[in-house]
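*Asks:* Sharing the record's features from TrEMBL:
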BINDING   LYS135, LYS175, GLU216, GLU217, PHE218, ILE219, GLU224, ASN301, GLU302  ATP binding site
COMPBIAS  1-22  compositional bias 'Polar residues'
DOMAIN    139-331  domain 'ATP-grasp'
REGION    1-27  region 'Disordered'
Amino acid sequence: MCPAWNGSTRSSPICSSTGSLTRSRHDSRIHPVDRRYRVGIIGGGQLARMMQQAAIALGIEVRLLAEASDASAAQVIPLTTVGDHDDEETLAAFAGDCDVITFDHEHVPTALLRRLGDEVAVRPGPHALQFAQDKALMRQRLSGMGVPCPRFAICRDEEQLLAFGREEGWPIIAKTSRGGYDGKGVWRLDAPDEAAEPFRGKPEVSAGEEVVIVAEEFIDFERELSVVVARSPRQAVVYPVSETVQRDGVCVETITPAPGLPDGKAAELQELGLRIAGELDVVGVLAVELMAARDGRVVVNELAMRPHNTGHWSIDGARTSQFENHLRAVLDLPLGSPAMTCDVAVMANVLGGAETDLTGALQHVHARDPEVAVQLYGKQVRPGRKVGHVTACDSDRDRALARARHAARYLMGDPDA
């Protein structure tokens with residue numbers, strides 16, 4: 001039995017098995033004597049930026065491989081290498097100075113990671129990461145495990161997609177197997193004459209792997225949920241279930257714990273997250289995105305194997321943030337408690353809007369609500385781009401929602417916020 005903590009309450013943790021765990025032959029490198037742990041992060045976005053904030057308190061030395069010198073994380077991580085994560089020589093040179101490699105995104109070619117894993121610990125490993133990189137592989141693996149999923153088909157041409165639509169009934173959902181995010185690469189198809197749309201401009205390959213179309217039944221869902229798990233080679237913890245609110249395929253806010261979810265159902269979903277993490281052998285943070293259908297089913301929508309937008313609330317609303325636990329997990333350090341430090345936490349994303357002077361707007365937000373927490377990502381403001389987030393912790397859900405929404409809308413330039 002391995003310790004697994006359930007953060008659904010503020011009481012002591014529960015214990016649950018996470019499955020059979022083995023130690024990598026690289027583990028001896030992860031526990032150096034009399035020097036700092038060295039974690040290499042591939043990808044220079046806001047997730048790496050927030051990992052750096054957690055690393056400072058843990059005394060971890062972060063090294064970054066970023067796509068540009070002004071990338072979000074590169075602004076705050078001194079040991080930054082600018083380079084292409086698709087280039088094998090660049091990856092090998094970067095990894096040579098690290099004890100373990102982890103990720104801000106899931107776009108590194110799987111074949112390169114397999115070869116890199118011969119030289120340094122890669123966490124999550126490519127054997128697990130492939131199921132977050134490729135939706136077709138993910139659907140096949142999860143359905144084989146008996147995990148509740150939408151009915152689906154792998155389609156390589158329009159005729160196969162039409163056949164699925166005829167069998168399932170329209171509308172259906174179509175997704176590119178690789179590369180889609182924040183609503184990109186996803187289509188709702190209402191009729192047969194729309195079946196050609198997903199294949200227009202679809203790349204044949206991405207990161208060296210075939211790109212296909214995954215057709216799925218249309219789920220009439222009433223809300224979306226998320227379970228965030230942190231798993232090390234010997235331990236796992238799970239955060240309270242969050243409700244996520246999406247607009248045009250982009251997360252705009254999360255509410256934790258998910259309102260109106262019975263304790264038994266919440267525990268069932270947390271156990272599902274732990275099971276998926278264990279069976280896929282994920283090391284690091286796993287986010288399981290779920291759809292709660294109106295017919296009572298809860299099915300897995302997508303997986304992410306890195307700190308996730310739906311776990312950002314944990315920076316201010318949990319005893320240990322998802323970013324800190326991700327670093328602890330990939331280094332095989334004892335994991336921190338995921339228990340909430342407040343009754344409810346609402347996170348609202350700040351999307352690029354009319355306001356370009358975020359620093360000036362921040363003064364108003366803090367003057368009006370000194371207890372609201374704001375994270376700005378140092379990114380150039382562009383319409384719809386995630387440039388920050390705010391979190392309001394409170395004893396009252398409606399008050400937390402109002403506070404978080406006001407702060408986010410003001411930072412987006414809404415004068416009526």
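Residue positions begin at 1 at the first shown residue.
Cβ coordinates are placed from backbone N, Cα and C, and glycine is handled just like the others.
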*Asks:* What three-state secondary structure does DSSP assign to PHE218 (ATP binding site)?
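*Replies:* Once the DSSP labels are grouped into three classes, PHE218 (ATP binding site) ends up as coil.
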*Asks:* Note the mean pLDDT of the domain 'ATP-grasp' (139-331), expressed as a whole number.
*Replies:* 96
*Asks:* Rounded to a whole number, what is the top Cα to Cα distance in Å among the residues the record ties to ATP, namely LYS135, LYS175, GLU216, GLU217, PHE218, ILE219, GLU224, ASN301, GLU302?
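*Replies:* The widest Cα-Cα gap among those binding residues is 18 Å.
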*Asks:* What kind of secondary structure is LYS135 (ATP binding site) part of, going by DSSP in three states?
*Replies:* helix
*Asks:* My understanding is the cutoff is Cβ-Cβ under 8 Å with a sequence separation of 6 or more in the same chain; which residues meet that for PHE218 (ATP binding site)?
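*Replies:* In sequence order, GLU168, TRP170, PRO171, ILE172, ILE173, ARG188 meet the Cβ cut-off.
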*Asks:* List the same-chain residues at least 6 positions away in sequence whose Cβ sits under 8 Å from the Cβ of GLU216 (ATP binding site), in sequence order, or say none.
*Replies:* ARG139, PRO150, ARG151, PHE152, ILE172, ILE173, ALA174, LYS175
*Asks:* Sort out the sequence-distant neighbours of GLU224 (ATP binding site) for me: same chain, 6+ apart, CB within less than 8 Å of its CB, listed by position.
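*Replies:* Sequence-distant Cβ neighbours: GLU243, THR244, VAL245, GLN246, GLU289, LEU290, MET291, ALA292, ASN301.
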